[in-house]
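Notes follow once the structure below has been shown.
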Amino acid sequence: MNRVYIKTYGCQMNERDSEQVASDLRNRGYSIVDTEHDADVVLLNTCSVRDQAEQKAIGKAGYLKKKKKENPNFVLGVMGCMAQNHGSTLVDRLPDLDLVVGTQKFHRVPDHLDNLIQSLNGQGPRPSSIVDLDEEEGSQNTIRDHIGKKGQVSAFVSIMQGCNMNCAFCIVPKTRGRERARPIEEIVDEVTRVAESGVKEVTLLGQIVTSYGRREFPVVGGKSPFVQLLEKIQDVKGIERIRFTSPHPRGFKQDLVEAYRDLSKLCEYVHLPLQAGCNKTLRAMNRPYTKERYREIVDSLRAVVPSMYFSTDIIVGFPGETEADFAETAAFFDDIAFDMAYIFKYSIRTGTPAEVMPDQIPQEEKERRNQVLLDLLHKSSLARNEGLVGKTEQVLIEGPAKKGDKFVGKTRGYRNAIFDANERLIGQLVDMKINRATASTVYGDLVLAGVDA
Ligand code: SF4
């Protein structure tokens, strides 16, 4: 009764939350298994960012309830954003659900499972479904432990929860609550622990990291709490690379730009959500910046680090986006020449202001706009990668490629790199001479002189 499979949908924050639940469960004597077929307990850690993501998880839960027929003691739980978004109505839709755990209650999962399993074993009353969705002060501080997989070179570190913005398309403020930051010292302790276990790269996570600690901690010497945190992590022995996701253009100030100049471990890659390159659409989205301000941030980053890489999120077909609005967004997107982008066709998210906006865009038109941006992205990312051919870039070696006998890693600019290597090089930072490139990947040979290979 103690084998648990956790299936994670959605973003890196969800992955991180699942890792914490897995760690808590292991400490409680549960074993974490790799497939649902071997499990006595399945927990779905869900995403609400689009209706489609929720439908996927509901479909999975519907399928898994069949397991109850074979094994009446099988336990099925839903955690995370969809649990928070729909609460006990999920149990109405899926009466076989045993557990519904919201985004501030992940740390309560072991207690809930203990209780459910004891009851199922006849040591208590037959349990009804447990629904635990309340807000909990300090819950952001409970996402702090790691499982530590063998050969792991990179780790996510959750620095805050929630978002106080109200973008018209986004459900996150409802599912994740108000902004709550973890203390700087606790984050630095966590980063130190992962570094001691061999991790070389950390990615700091939050829905809106540029808001980190702005209510809890003071600005010191003109530096925001987020930049103070980056400076502290720069000093952690063993950590060689720092990344973060996602900042917001509104909170991206000069102190953060200068951090890219001053902190050698902060990789020259930023994922800076644009969402639209047209001020009218940005206003409709309730995104409080203009494309001119976004451009200023890009220019100031390129001024301090000319080789800066830019990635973004962008939505096409937002309600009311005319052909002229889209043309403006496409021209701006082309002008920035993004190295990477997550391009989304707007889809209605129930419960958000944009759901009821007039002038929804037909699906075929969204497809067309999506393709226009994909083509522009292909052109800019290919040009960037082809420009690297003949150059030498440092790669962090992650491990063997999924197929073939090559190894994979990432450059500081977050390009996928493929090369010959061996197991002993995993976790090392090694220069690579690039000899070929596609839009997504660079290929080359490691420069092993002086490296313990
Ligand atoms: S800033 Fe990000 S998380 Fe917050 S409401 Fe906007 S899109 Fe959602």
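From the backbone N, Cα and C atoms, a Cβ is placed for every residue, glycine too.
According to TrEMBL:
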type    : residues         : note
BINDING : C11, C47, C81    : [4Fe-4S] cluster 1 binding site
BINDING : C163, C167, C170 : [4Fe-4S] cluster 2 binding site
DOMAIN  : 2-118            : domain 'MTTase N-terminal'
DOMAIN  : 149-383          : domain 'Radical SAM core'
DOMAIN  : 386-448          : domain 'TRAM'
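Here the features listed in TrEMBL are placed on the structure.
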{"residue": "C11", "record": "[4Fe-4S] cluster 1 binding site", "Cβ contacts under 8 Å, 6 or more apart": "C47, V49"}
{"residue": "C81", "record": "[4Fe-4S] cluster 1 binding site", "Cβ contacts under 8 Å, 6 or more apart": "G10, N14, T46, C47, S48, V49, T103, I171, V172, T175, R176"}
{"residue": "C163", "record": "[4Fe-4S] cluster 2 binding site", "Cβ contacts under 8 Å, 6 or more apart": "C170, V172, P173, R176, E179, Q207, I208, S211"}
{"residue": "C167", "record": "[4Fe-4S] cluster 2 binding site", "Cβ contacts under 8 Å, 6 or more apart": "Q275, M285, N286, R287"}
Between 0 and 100, where does the mean pLDDT of the domain 'MTTase N-terminal' (2-118) sit?
-> 93
Return the members of C81, C163, C170 (the binding-site residues) with CB less than 6 angstroms from at least one atom of ligand 1, or none.
-> C163, C170
How many other Cβ atoms are found within 10 Å of the Cβ atom of C47 ([4Fe-4S] cluster 1 binding site), counting all protein chains shown?
-> 23
Taking the Cβ of C170 ([4Fe-4S] cluster 2 binding site) as centre, how many other Cβ atoms lie within 10 Å?
-> 22
Compute the centroid of the Cβ atoms of C11, C47, C81, then list the same-chain residues not in that set whose Cβ lies within 8 Å of it, in sequence order, for the [4Fe-4S] cluster 1 site.
-> Y9, G10, M13, N14, T46, S48, V49, A53, G80, M82, T175
Can you list the residues of the same chain, besides C163, C167, C170, whose Cβ falls within 8 Å of the [4Fe-4S] cluster 2 site's Cβ centroid?
-> M165, N166, F169, I171, V172, P173, Q207, I208
Looking only at the domain 'TRAM' (386-448), what are its DSSP counts of helix, strand and coil residues?
-> 4 helix, 33 strand, 26 coil
Helix, strand and coil counts within the domain 'MTTase N-terminal' (2-118) (DSSP) = 61 helix, 23 strand, 33 coil
Would you mind pulling the DSSP three-state label for C167 ([4Fe-4S] cluster 2 binding site)?
-> coil
